[in-house]
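A short write-up of the structure that comes next.
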Amino acid sequence: MTHLKRLYLPATILVIGTVVIGAIMATKPTPQADPDKLAEPPKAQVTVAPIVKQQVQLSAQSQGTVKAKRKIDLISQVSGVVTSVSEQMWAGQFFNAYQVLLQIDDRDYQAALTRAKYQLKQAQRMLAEEKGRARQAKQQWRDLGNKEANQLFLRQPQLAEAQAQVLSAQASVELAQLDVDRTRISVPFAGRVEKVMVNIGQYVSAGNVLAKVYSTQAVEVRLPLTDSQLALIDLPLRQVSDLKKLNQDLPQVKLSAIVAGEMQFWQGIITRAEAYVESQSRMYYAIAEVEQPFSKQYAAPLTPGLFVNAEITGKTLNNVVVLPRETVVKRSNLYTLNQHNEIQLQPVTVLRRSKQQVWLTLPDEQHGNIVMEKHAILTPGMAVEPLIADKSQQHKEAKDEVAVAQAQGDES
């Protein structure tokens, strides 16, 4: 008996203790939370920057192939054997205006000129004789005292015919002289030979193409532009009566290309726009012109056929905001903060986009801070904790972008 008491006594004490502790815990009052001490959920932190409106000069990027402004086929106007070819009459050679490039055998044409001159002398002699007969007939009419004398009696028709024969003979001489002159083939502008299709000793007929040449006075580049790029520049789309004023207002264009392993630059102007919008792509085409492309003012010549990049100087605008591209949401909106640091969705007018930057305008009354980064959790009306962007870095980036708003990879 005593042994059983010793065995169950610890178990009994443990059970009683557990019941007592459970009762105490069950009857203990639950602590009430203090509303004033509730922890607020943390606000999202966003980087912001003040709105800085600046003056910027826009530009439009394009590309194209250089072409000669004037390019012609050199065609013979007379027939004959080529007796002389100039040293400049080879592909790639330069020539001066009115320099003789080809000489065609002119002996037949010289003989025709001699015959024409002889016929002119005959016509002039016949005119002189007819004038004498006309004077004699007029004297006879006066001696007879006849008041009425018809034109035939005074030899007026014969005199008119003789005068016409002289004029005809003079025209024949001029034509014969023109044929002689046409045996010496030249071009009325300084240029370069692109291709030669004739050589010395070869017989050519009138109308044969002898060579292809182009003027070195100016070259052109056909530059495609989208409708959004068109809004950035003052492209001459209408007829202007004051051409002098038009030339002063034409957009400048800077062309660039790699020549002999080095980047080269040429300066030109946009002289005109083509007369149509391309029906398939809806592109406009501006024509850039560079004068004296082979002159020494350029480190390398702007040779036709070269593919170049073009930067067209555009409009100068005030109150433009230049921002990183990622600040724009939903194509044409920004996240801004109101005075309560709440997110607002602000519509903007996007002027231009590049791979890194975006140029846009805001309403005049818009002030405050712009959210400089994208967050998937941001929604209009949401309260956030603003973090001011590094002003020194922001100023440096803005200064780099304001001088000329330019970048590769423009979007339409």
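Quick reminder: no glycine exception, Cβ is built from N, Cα and C everywhere.
Among the features that TrEMBL reports, transmembrane segment is placed at 7-26.
The feature domain 'Multidrug resistance protein MdtA-like barrel-sandwich hybrid' is assigned by TrEMBL to 70-212.
Per TrEMBL, the feature coiled coil maps to 113-140. Sequence-remote contacts of a segment are chain residues at least 6 beyond its ends whose Cβ falls under 8 Å from one of its Cβ atoms, and for the coiled coil (113-140) they are 153-156, 158-159, 161-163, 165-166, 168-170, 172-173, 175-177, 179-180.
Taken from TrEMBL, the feature compositional bias 'Basic and acidic residues' applies to 392-402.
The region 'Disordered' annotation in TrEMBL covers 392-412.
Averaged across the domain 'Multidrug resistance protein MdtA-like barrel-sandwich hybrid' (70-212), the predicted model reaches a pLDDT of 89.
Broken down with DSSP, the domain 'Multidrug resistance protein MdtA-like barrel-sandwich hybrid' (70-212) shows 65 helix, 30 strand, 48 coil.
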